[in-house]
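Trainee: Take this structure, written in structure tokens, and hold onto it; I'll ask about it next.
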Amino acid sequence: MRQGAPARGRRWFVVWALLGLTLGVLVASAAPSSPGTPGVAAATQAANGGPATPAPPAPGAPPTGDPKPKKNRKPKPPKPPRPAGDNATVAAGHATLREHLRDIKAENTDANFYVCPPPTGATVVQFEQPRRCPTRPEGQNYTEGIAVVFKENIAPYKFKATMYYKDVTVSQVWFGHRYSQFMGIFEDRAPVPFEEVIDKINAKGVCRSTAKYVRNNLETTAFHRDDHETDMELKPANAATRTSRGWHTTDLKYNPSRVEAFHRYGTTVNCIVEEVDARSVYPYDEFVLATGDFVYMSPFYGYREGSHTEHTSYAADRFKQVDGFYARDLTTKARATAPTTRNLLTTPKFTVAWDWVPKRPSVCTMTKWQEVDEMLRSEYGGSFRFSSDAISTTFTTNLTEYPLSRVDLGDCIGKDARDAMDRIFARRYNATHIKVGQPQYYLANGGFLIAYQPLLSNTLAELYVREHLREQSRKPPNPTPPPPGASANASVERIKTTSSIEFARLQFTYNHIQRHVNDMLGRVAIAWCELQNHELTLWNEARKLNPNAIASATVGRRVSARMLGDVMAVSTCVPVAADNVIVQNSMRISSRPGACYSRPLVSFRYEDQGPLVEGQLGENNELRLTRDAIEPCTVGHRRYFTFGGGYVYFEEYAYSHQLSRADITTVSTFIDLNITMLEDHEFVPLEVYTRHEIKDSGLLDYTEVQRRNQLHDLRFADIDTVIHADANAAMFAGLGAFFEGMGDLGRAVGKVVMGIVGGVVSAVSGVSSFMSNPFGALAVGLLVLAGLAAAFFAFRYVMRLQSNPMKALYPLTTKELKNPTNPDASGEGEEGGDFDEAKLAEAREMIRYMALVSAMERTEHKAKKKGTSALLSAKVTDMVMRKRRNTNYTQVPNKDGDADEDDL
């Protein structure tokens, strides 16, 4: 009874409120309507159940007389209607309402109308009580800090070494008359003794010309150039590499002197000092030189600081350690300023030397991989997860720390980690955070060692300090000391690191997505629950004002509802097709002046051929079966009503035009759900070991070995000089040695004699070489043949002169004498008659004068050579001779006849 009293009070309050509202409506309806109110006559027929006025034209339709409508032009609102007394004028001035409604239905074909009968109370519902919302999931035990990640050091230990050896070459040559042939070449490499390295090479920059070594358990000695022992100067190599230098004593190979048809031997000893790179890998029991030579001794072996326990495979007399050794630069002859401890080892092929250093500070089995400024440590079950956005990686470790004492040769880990952490802290966190304790070390999956320094902000640090002081005051004064570490006597081991980091990156991706999704779903669930509880309170109050809308939104379909105390009675609404609904164009009540309908009147059919039902348009396309929504008519009336998929606009209680939903600005009532989308995260390329590290991890660099072996001849030998075998070399060598023993005078005489002999030998050698050349022999043969041919023709000509001088000297004249057509010929031939004595005398005279002319020309030619006086004498002689001779002959014409040309 106590609980029902307030409810009855509220119901009586509602009843009295409705009664007062009804009286107000009646008083307002009794007032006369405005004389200028349009549409009264048009609405009268519709209100009395008459036919509705046709609908106005659709928006955007052009007038009847305009053949070219403009596109995208909104229809102009119709002119204000005339007074209600002229219904025909109103119908003619306005477009029909039915055409407008057809256009709206065509644009929104999915809009339906509903007829909702009043609920009877047969079905009642109630709202659920507010639920208890879940709490937001708390995060894990997160700790921020600085981390340095270490990986296995696969790089070898590198150091500089010096090789001392002598290349011994013994060549056997057989000399023929025109060629030389190698019958055998023996090459070997001998080590340099310790004394020669220290006293000769390092002290003076010289090397002995002999090589003493053991082969097949026999000690043998090789002499350079097959001569006695001397000191040879070391000179830089021809082509030095970027990583090493070299020195040697000779460029050319020594070949024996030429002695034909004999086998000769020649020995070359080339002392070579070469700086090379050496490398050794864990456990550092041996090292290899850049030349490919292995040394089966630890590079840290020695006689100091317990290094004699390191591995060695050689006898004790083959090794020597020199303290206070000052190395010398063989190029500049400069001596080092600081002494070193020098190790020297002799092998059967070479002697190697290097500077000794202790093993502990020099090598480390772990190396620094990544420095992480922000590393987040979280606890998941029985493991720690170290995550970093900078490297997109998550490492999983145990909850217990990993002692550094278990890492073999791990002295560098603590130092490198502290240096990196101090540098990062000073750069980023010095003003905002403090360090919590000492660095912690954890062994992660995959063989990564994580050095982690936890950090704490200054604000939290102050709170923790206060709480710590408070707890310390409650503890007993003498706490028990912690037990010693269980790993104090643990054996050392080497950590093996995997070459791939993909598993850690996949773990990071999974953790990133899991954390984001879980946090997002947790926030969504909490927000959704709280929102539902808030809306439930609003719905409980809103159902009292509009139970139909609240019930429809709750049930999910159109229903009608009314309150029955604290519950709602609901009834299902019947859908009506949009084509079966017609709206009236007037909202005035003709029988009651001053009263108007507050919502438009409609006529509809439940079925296409069913009877017409009169009603009133409700909210949200609801078709009310009653027309009791009445209000007093007011001036300046403007209303928009939802009709189908759009709106109809009434002005002064008369239809004006229709609008689509797009013409009305929409105000959203939805609350945006603040869900953070998964952020884009780019994975940067991350390599545990680079290609250079992997390539450099081996003990032997085959590329460097091949390069050095192929450059050896180029560096320590002259490959461009060619020595030709000379048969006279032995003779010249003997003459040179003979004159060398006679002092300075003998050397001077020897130079002259050897020069003359050399010229003669060169000339003979030149002729011999020319004759030995195929082209030279051919040329000589051709010249000999040409000489023989010339001698033959000369001999023949002389014989002709002796037998017939005239025919030999004057062959053309002789031919004319033989020609029978010549009128001067006697016609008798040589066989007929005797010669003419007169003509014979003339011929003899002509020959005598020809000899005289020839003598005069020779005299004149000689006078020209001797000078002017002789020339004058020749002229005078010529004049005398001209006066003495008689011109008893005529000059023979120079032109030959055609017959002579034919004879020729």
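Just so you know, glycine gets a Cβ as well, placed from its N, Cα and C.
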Trainee: Please identify the range among 125-147, 470-492 that Swiss-Prot labels region 'Disordered'.
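Mentor: Region 'Disordered', as annotated by Swiss-Prot, spans 470-492.
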Trainee: From Asn87, Asn888, name the one Swiss-Prot lists as N-linked glycosylation site.
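Mentor: Matching Asn87, Asn888 against Swiss-Prot annotations yields Asn87.
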Trainee: From the candidates Cys116, Cys271, select the one that Swiss-Prot records as forming a disulfide bond with Cys207.
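Mentor: Answer per the record: Cys271.
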Trainee: Which residue in the list Cys412, Cys529, Cys573 does Swiss-Prot annotate as forming a disulfide bond with Cys116?
Mentor: Cys573
Trainee: Looking at 261-264, 453-456, 505-508, 889-892, which one is motif 'Internalization motif' according to Swiss-Prot?
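Mentor: When 261-264, 453-456, 505-508, 889-892 are checked in Swiss-Prot, motif 'Internalization motif' belongs to 889-892.
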Trainee: Helix, strand or coil by DSSP: which one applies to Cys207 (disulfide bond)?
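Mentor: In the DSSP reduction, Cys207 (disulfide bond) maps to strand.
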Trainee: Of the disulfide-bonded residues Cys207, Cys271, Cys633, which one sits closest to Cys133 (disulfide bond) when you measure Cα to Cα?
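Mentor: Considering only the listed disulfide-bonded residues, the nearest one is Cys633.
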Trainee: Let me make sure I understand the structure: which of the disulfide-bonded residues listed (Cys207, Cys271, Cys573, Cys596) has the fewest other Cβ atoms within 10 A of its Cβ?
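Mentor: Among the disulfide-bonded residues Cys207, Cys271, Cys573, Cys596, the sparsest Cβ neighbourhood within 10 Å belongs to Cys573.
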Trainee: Sorry to bug you, but what's the C-alpha spacing from Cys271 (disulfide bond) to Cys364 (disulfide bond), rounded to the closest Å?
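Mentor: Here the two Cα atoms are 38 Å apart.
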Trainee: For Cys596 (disulfide bond) and Cys271 (disulfide bond), what Cα-Cα distance in Å is obtained after rounding to a whole number?
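Mentor: Spelling it out, the Cα of Cys596 (disulfide bond) and the Cα of Cys271 (disulfide bond) are 128 Å apart.
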Trainee: Across the whole of the topological domain 'Intravirion' (796-904), what does the mean pLDDT come to? Round it, please.
Mentor: 63
Trainee: Among Cys412, Cys633, the disulfide-bonded residues in question, whose Cβ has the most other Cβ atoms within 10 Å in this structure?
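Mentor: Most Cβ neighbours within 10 Å: Cys633.
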Trainee: Indicate whether Cys412 (disulfide bond) is helix, strand or coil by DSSP.
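Mentor: Where Cys412 (disulfide bond) sits, the three-state DSSP reduction gives helix.
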Trainee: Hey, how far is Cys271 (disulfide bond) from Cys116 (disulfide bond), Cα to Cα, in Å?
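Mentor: Cα-Cα, rounded: 118 Å.
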Trainee: Fill in the CA-CA distance, Cys116 (disulfide bond) to Cys633 (disulfide bond), as an integer in Å.
Mentor: 27
